[in-house]
Amino acid sequence: MLEFFSRLSLVTKIIIAIILGIGVALLFPTVTPYLSLFGELFIKALKSVAPILAFVLVLSSIANFQVGHSANLRPVLLLYVVGMLLAAFSAVIASLSFPSTLYLNTVSHNNLQAPGSLADILKNLLLSFIANPVQAISEANFIGILAWAIGLGLAMRHSSDTTKQVMQDVSHAVSAIIHKVIAFAPVGIFGLVAVTFADAGLATLESYAQLLAVLLGTMLFVALVINPILVGLTIRGNPYPLVFKCLKESGITAFFTRSSAANIPVNLDLAERLGVNPSTASVSIPLGATVNLAGAAVTITVLTLATVHTLGIHVDLATMIILSVVATVSACGASGVAGGSLLLIPVACSLFGISSEIAMQVVAVGMIISVLQDSTETALNSSTDVLFTAAVDIRSRQNS
């Protein structure tokens, strides 16, 4: 029995865990307090690895970022950045239009205050930026972690290849630890679902359904509206034939593999069939799998604003714009690790003074809905890589 269960995919295990958790909560509610330990251990493990994960992934991503391989690379990068920002903005609008409420254990966290004026927010950001790096990691100050990771990453871009390889190896090592933690996700989610449904009842299903609807709806909006607008402006023509071809041949594969990296060969093959210059595609598509993560920006923004709404924190437009930028930067570090976008949510939550403990509960909620969220996110991310690469190549051929 155990051998059969071990052979199942993580998605299947999580689905089974959710069903069992709901069943136990409804049939044996008196047992659920004893199951809370599983959820607490899972959240504690996530809370422990998240700071070093954010630091190493962003540092390695920036240190190994190379520009100048192709004349067409700069406009592709511009599309990547603009696309992620617009995806984050779309997530803000969707979250404001359809606010979601999460079931969180907020006992002893009722002293949270709304951010003050824009000047206060910027002041707090600057103070967080210059925090001691060791202290930032130990206290889970994700803004400080992000600042040091970006600064050191930029400084190390001109270091030797050996140093960069060491950073990549460290990143892979941290990712390996994350994979071990994520492997226990079904057990943790079982405990979390059982306790949550026992405490909140079937109303929890409605909450998760709305959250999923906002997430998936925003990603579809990005794929079918935002991306076509950007591509249409680039190629100066009807973008939808190219958009649908990329979604069909790249997005569907990525949906089931749930890995942008694993989908790189699919994208390279599609780019070749679309007649894209190999010197451009060979760089921009692997690079896109690392830094072009519009779906991750949507996930980080939606879940953060759902947390803000749940805690009753009022935020103004300026703060939301800052959140969109932070979500975009954080998304660049989410590649290559299971649940990467979810594990970078604390970076965005720290903007609003939300504790790491609550942020990790939000990550756990994200894990519960990740069966659909992660697949759709990967489909958007990976199909966008080849879409923008092909669009820029078409534009360059038009100009030649």
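Placement of Cβ uses the backbone N, Cα and C atoms for every residue, glycine included.
Features of the protein shown, as given by Swiss-Prot:
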| type | residues | note |
| --- | --- | --- |
| TRANSMEM | 14-34 | transmembrane segment |
| TRANSMEM | 48-68 | transmembrane segment |
| TRANSMEM | 76-96 | transmembrane segment |
| TRANSMEM | 136-156 | transmembrane segment |
| TRANSMEM | 177-197 | transmembrane segment |
| TRANSMEM | 211-231 | transmembrane segment |
| TRANSMEM | 293-313 | transmembrane segment |
| TRANSMEM | 334-354 | transmembrane segment |
**Report entry** Chain residues outside the transmembrane segment (76-96) and at least six past its termini with a C-beta under 8 angstroms from it
**Finding:** 67, 214, 217-218, 221-222, 226-227, 230, 234, 280, 284, 287-288, 291-295, 297-298, 300-302, 305-306, 309, 320, 323-325, 327-328, 331, 384, 388-389, 391-392
**Report entry** Contact between the transmembrane segment (48-68) and the transmembrane segment (136-156) (at least 3 Cβ pairs under 8 Å, separation 6+)
**Finding:** yes
Requested in this report: May I ask whether the transmembrane segment (293-313) has at least three C-beta pairs under 8 Å with the transmembrane segment (177-197), counting pairs 6 or more apart in sequence?
Outcome: no
